[in-house]
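Noted in Swiss-Prot for the protein shown:
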type	residues	note
BINDING	80, 81, 82, 83, 84, 142, 146, 283	substrate binding site
BINDING	269	heme binding site
COMPBIAS	17-27	compositional bias 'Low complexity'
REGION	1-37	region 'Disordered'
């Protein structure tokens, strides 16, 4: 169909005609990268590492890739080991970033802290996705290797325990699984006895002029946090006047992002456990899925969640 009042323009999609092409383009074949192109891309790369540090040297890959020692003849145990080892590496980075952010908050250097907190949230997203890989293991596959695990359990992860303590979920009884390793026990105990990240943020609120109750600012750091009205009142002021308290407003949202991601990690842990072992007791002696479901009720930053109802 032609538009009213004249011929269809060249190349009009409704005319049935094709637009004219340059004569040269009609005869040119598309360029297909060949061996010469590939050679040009790496021929200047260093190939001799007999006297210099290589990629594998820098990353200590020999040690990392030689750290998987399945105890069973079952094919699926390698997945189980690597899943947990990589999770421990991500937790190591999460602890490193959280402690860096904590140091920044103590010196009122909030922009660097925001960057580190955002990174921790992305790390937690990686940990959430990792459960999708482990969930490819079926109940029968796990049952074949479970007898070889003994009493070992993720419940005994000292990095996870430090992460919980650093985020404020304190419980002195959780030191006991590490009593057989004095070096590890000292690390975990130090995290238990120190202010959590959120404790330092509450101190920041006080430094910014908010009237925080003295008993909230100096307390027994080994005890879990409880909701504090003066802290919620401070956050209420921040949320009602974000332009006046922009850094604190951004801090609040970074913390909510962080706890949101942490909750998702916990939830995927529960569903993966239920999918693979159902409601059996955990290898470490916990009730398994019911224990993990109970942990879903733990709130790390209570005032930041409750203030949303008050607003």
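From the backbone N, Cα and C atoms, a Cβ is placed for every residue, glycine too.
Bear in mind that the values here come from a model prediction, so they are computed numbers and not experimental data.
Rounded to a whole value, the Cα-Cα separation of residue 80 (substrate binding site) and the residue listed as 'heme binding site' is 14 Å. Nearest by CA distance to the residue listed as 'heme binding site', out of the binding-site residues 81, 83, 142, is 83. Counting every protein chain shown, 19 other Cβ atoms lie within 10 Å of the Cβ of residue 142 (substrate binding site).
Neighbour counts were taken as the number of other C-beta atoms within 10 angstroms of each residue's C-beta; across the binding-site residues 84, 146, 269, the minimum falls on 84.
Taking a C-beta cut-off of under 8 Å and a sequence gap of six or more, residue 81 (substrate binding site) has these contacts in its own chain: 68, 69, 70.
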